[in-house]
Amino acid sequence: MIIRSPEPEVKIVVDRDPVKTSFEEWARPGHFSRTLAKGPDTTTWIWNLHADAHDFDSHTGDLEEISRKVFSAHFGQLSIIFLWLSGMYFHGARFSNYEAWLSDPTHIGPSAQVVWPIVGQEILNGDVGGGFRGIQITSGFFQLWRASGITSELQLYCTAIGALIFAALMLFAGWFHYHKAAPKLAWFQDVESMLNHHLAGLLGLGSLSWAGHQIHVSLPINQFLDAGVDPKEIPLPHEFILNRDLLAQLYPSFAEGATPFFTLNWSKYAEFLTFRGGLDPVTGGLWLTDIAHHHLAIAILFLIAGHMYRTNWGIGHGLKDILEAHKGPFTGQGHKGLYEILTTSWHAQLSLNLAMLGSTTIVVAHHMYSMPPYPYLATDYGTQLSLFTHHMWIGGFLIVGAAAHAAIFMVRDYDPTTRYNDLLDRVLRHRDAIISHLNWVCIFLGFHSFGLYIHNDTMSALGRPQDMFSDTAIQLQPIFAQWVQNIHATAPGVTAPGATTSTSLTWGGGELVAVGGKVALLPIPLGTADFLVHHIHAFTIHVTVLILLKGVLFARSSRLIPDKANLGFRFPCDGPGRGGTCQVSAWDHVFLGLFWMYNAISVVIFHFSWKMQSDVWGTISDQGVVTHITGGNFAQSSITINGWLRDFLWAQASQVIQSYGSSLSAYGLFFLGAHFVWAFSLMFLFSGRGYWQELIESIVWAHNKLKVAPATQPRALSIIQGRAVGVTHYLLGGIATTWAFFLARIIAVG
């Protein structure tokens, strides 16, 4: 038996009025830093102001104060999110054709933006069907609103106003919990209470209330909509909630109320809590009854999880105990000390959260098309492409952010004197083996994946198709992926006897779901072309990981610069007189990692866009013949680099290049402008600081000559500022170019 000292009671403690509210203070730029508050001597001041405004570590070393600032900033972030949501719902209420779309989602496109004719730009208002002219949107909000049971623009107005009220509340909370009642450090470090509340409250009750909404409001309203009832005739949401008989007409077991629940006769609820799998043939989305069932199940799991951790009652898990018990025969001290790291370094905590959230976001991207959750989402190809691309980019950025904050943790918060032989220490001690092996893997993947393409290009150029790697010559079939597909396709009735359909049509099985003559989803065949591009994915991901991981593992020291920790997170070089030590800071690794993240995500979204247009998306005739958008050309065209350039980039860019004079012309302008932003970045990435300083001195001389010299001395951007401006424009330009290219193409042909 383990004898424990009695747990200290958790007391909720706050400091009253710790920081006075002062508008004069806030109005003084740089008030958070003694140096910056003095005002500008040189133009570097404005850059430092932006760099340090949110770097709370640089304002104070007091962990409690830092925690309060972060906590308060989170409320500000939530306020912005509510404001943005309110704007989306307001546009749906004020400027959209939502009610028309609801009545005929297969023939009318979603639009929630009408351009005002100020300088003749009303050409952008294209005909989206049903006599409505506006910009076609691809955010998926209409499909989400339908799934929620929203049937009128008035309901959207009310929701928009509600979100505004919440935005104001969040702003108030951010002020209140910093200036009026600020929590003490112990409150931020009480992880068991935090886990219980977040798991049971946010995730558990959140999922439960959503399940309740779906059962009582969404399901009945969608039943009526699917049956073709005019949205204006459908009872209002509160009528379903207050009047059980209304629901009982649609789902007879509702008449029995909660009796089946308490008598454990749960199968009575199988009418509206189903386990069907597959897609609803009417809407092309997952069965809403499956989704309600899922949220109910998730709610139960999280409500249980939210009661697992030990607080005032002396029962349950203690996180510290779990972590310290977590060691194997080969892992030394295991996770000992991790509890202290994660409760005193918010960078370490944030790093883990970003890595997990980034990975989850990428998983979401892949599920949005393979298991489309909302009605009429699968046949809205523009929205499908946008949702995939959006979630892939966001996931990529979050994962790079994870590496950034892991490196900041290593530099600012890691204390090597107290860490010995735990897992982190062991990883750091054999970092050379890790990085050199990873480097070897990158070289192998790079040469072999690219080599397969170069082989194909060469054979194609020499007119020897029989010697190419392709489905019709030398086959390189992705046998493991096909095996995984097959397992899932055959699971219903075999390994998953209760399921009627496999989790996704993409696995195989031959069935196809089409809505209004358009393909929603069908089994996705994988072949040699996918095998080739998959290895490019493996290559780009491994290089990104190599750069980011090297930055983290060598953030404090390296053979080249043993005292790197003293130089901080970002520094240009190890001082004058030590050549060859530039661009080694942890910040520089994040900078380089961003470019490879961009490479990796670009290949993924290009692969997705072409594969779906070639093998999935298209129309179906009355005889059941499917005609794909690009006629299945992916398998034969994408096996050469030339094919990617000719049949994907060039062929599909025709819509954006020829968009002038049409409602898609804004995409043509964006395509051009974003290319320009991208090219502008190269000016910052390819030229050095001295070049600009020389030029500036010359310009300052001219100003002095004319007696118009400014009081603030102009300075060239520092090396790091220049690289930051460069990578920002590189990514912004690249992403906006891709966005214009994708949307002009898919709106024109989809």
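Including glycine, each Cβ sits where the backbone N, Cα and C put it.
In Swiss-Prot this protein carries:
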TRANSMEM  70-93  transmembrane segment
TRANSMEM  156-179  transmembrane segment
TRANSMEM  195-219  transmembrane segment
TRANSMEM  291-309  transmembrane segment
TRANSMEM  346-369  transmembrane segment
TRANSMEM  385-411  transmembrane segment
TRANSMEM  433-455  transmembrane segment
TRANSMEM  531-549  transmembrane segment
BINDING   CYS573, CYS582  [4Fe-4S] cluster binding site
TRANSMEM  589-610  transmembrane segment
TRANSMEM  664-686  transmembrane segment
BINDING   HIS675  chlorophyll a' binding site
BINDING   MET683, TYR691  chlorophyll a binding site
TRANSMEM  724-744  transmembrane segment
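Shown on the structure are the features that Swiss-Prot records.
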{"residue": "CYS573", "record": "[4Fe-4S] cluster binding site", "DSSP (3 states)": "coil"}
{"residue": "CYS582", "record": "[4Fe-4S] cluster binding site", "DSSP (3 states)": "coil"}
{"residue": "HIS675", "record": "chlorophyll a' binding site", "DSSP (3 states)": "helix"}
{"residue": "MET683", "record": "chlorophyll a binding site", "DSSP (3 states)": "helix"}
{"residue": "TYR691", "record": "chlorophyll a binding site", "DSSP (3 states)": "helix"}
Sequence gap of 6 or more, C-beta under 8 Å: which same-chain residues meet both conditions with respect to CYS582 ([4Fe-4S] cluster binding site)?
PRO572, CYS573, ILE719
Inter-residue C-alpha distance, HIS675 (chlorophyll a' binding site) and TYR691 (chlorophyll a binding site) (nearest angstrom):
25
Cβ-based contact of the transmembrane segment (531-549) with the transmembrane segment (70-93), 3 or more pairs under 8 Å:
no
Count the Cβ atoms, other than its own, that fall within 10 Å of the Cβ of MET683 (chlorophyll a binding site), considering every protein chain shown.
13
Contact set, same chain, for the transmembrane segment (589-610): CB under 8 Å, 6 or more residues outside the stretch:
369, 385, 388-389, 392-393, 396-397, 399-400, 403-404, 407, 533, 536-537, 540-541, 543-544, 547-548, 550-552, 630, 634, 638, 644, 648, 652, 723-724, 727, 730-731, 734, 738, 742, 746
Best-contacting stretch, by C-beta pairs under 8 Å, relative to the transmembrane segment (385-411) and drawn from 195-219, 291-309, 346-369, 433-455, 664-686:
346-369
I need to check the long-range neighbours of the transmembrane segment (195-219): which residues 6 or more away from its ends have a CB within less than 8 Å of a CB in the stretch?
147-149, 237, 240-241, 247, 250-251, 272-273, 288-289, 291-292, 295-296, 298-299, 302-303, 305-309, 311, 319
Taking a Cβ cut-off under 8 Å, which residues six or more beyond the ends of the transmembrane segment (664-686) line up next to it in the same chain?
121, 123-124, 126, 135, 655-658, 717, 722-723, 725-730, 732-737, 739-741, 743-744, 747-748
Count the other Cβ atoms sitting within 10 Å of the Cβ of CYS573 ([4Fe-4S] cluster binding site), across every protein chain shown.
17
Go through the chain and flag residues at least 6 beyond the ends of the transmembrane segment (291-309) whose CB is under 8 A from any CB in it; none is fine as an answer.
147, 191-193, 195-201, 203-208, 210-211, 214-215, 218-219, 272-275, 316-319, 373
Among HIS675, TYR691, the binding-site residues in question, whose Cβ has the most other Cβ atoms within 10 Å in this structure?
HIS675
